[in-house]
Amino acid sequence: MDFVLSGAAACGACLFTNPLEVVKTRMQLQGELQSRGTYRVHYRNVFHAFYTIGKVDGLAGLQKGLAAGLLYQFCMNGVRLGSYAVIDSSGYIHTNGRVNALKTTLAGAAAGVAGAVMGSPIYLVKTHLQSQSTSSIAVGHQYKHQGMTQALAAIYRQHGILGLWRGSSAAVPRVCVGSSAQLSTFSSSKELVIDLQIFPKGSWLVALSAGMISSVVVVLAMTPFDVVSTRLYNQPVDPLGKGQLYKGFADCFSKTLRKEGLTGLYKGLGASYFRLGPHTILSLFFWDELRKMHQQFR
């Protein structure tokens, strides 16, 4: 039940944040491996990107990859948050009744690795679908998939089962870092808010406040890994499934840093916060509330 509740909470958040994920993906791919000022800027900022995508691709363009996004959230966060909930229930993350920062970080990282491996094929397809656009505002490689099922089948036919896990070398560190930062700060912040007695114990505002604190830490820690992950998943491949732009995580990280500077690794930071911030807050809030409801009715 922990896994089902976790997946449901993440899907609830995804319904609200998927348009932000589309914007974030496009901004991270814009000007890929090109120096500032040498490429056409289709998306000047988060709000301009929203307007441009809505105008050119229509409102449906802002919800591209929604089915893949929902399935990814259910699989990845179902495993990630579900695993963490089991670890939490076992009492591992507490020492003498208090949250232990090191243990929560390790538990969050381990849960993140499990979730990343499970959800990687769906994340691959989601990235392809969300980057697809009308040629006038297209950025990154365009795969021209017809939908999630067709994309999964096409990748499997061309590159086999291992092809579905292409890009996972970036997904694992991305989710590992993000998960450890998110869950350790959420657990610690929740305990801090309770200690300060700002809200009544058991109030939904406790989880909401802790989620807001956690969201800032997650975005700052995760964005460089997120940029690398998006680019690895979306890069064109040869007939053998080998990437034509990057050899792997380290190669993508170093090329981006060398060509675009540190700002290249933080491309779409505003979009990342507008997406990851609300998603972190909502998913952790829904997750905490659903767990409390489940415990009450057991």
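Placement of Cβ uses the backbone N, Cα and C atoms for every residue, glycine included.
Positions annotated as repeat 'Solcar' by TrEMBL: 1-90 (among others). Residue counts of the repeat 'Solcar' (1-90) by helix, strand and coil are 69 helix, 0 strand, 21 coil (DSSP-based).
Look at TrEMBL and you will find 99-192 (among others) tagged as repeat 'Solcar'. Taking H, G and I as helix, E and B as strand and the rest as coil, DSSP gives the repeat 'Solcar' (99-192) the counts 75 helix, 1 strand, 18 coil.
Per TrEMBL, the feature repeat 'Solcar' maps to 202-293 (among others).
The transmembrane segment annotation in TrEMBL covers 204-225.
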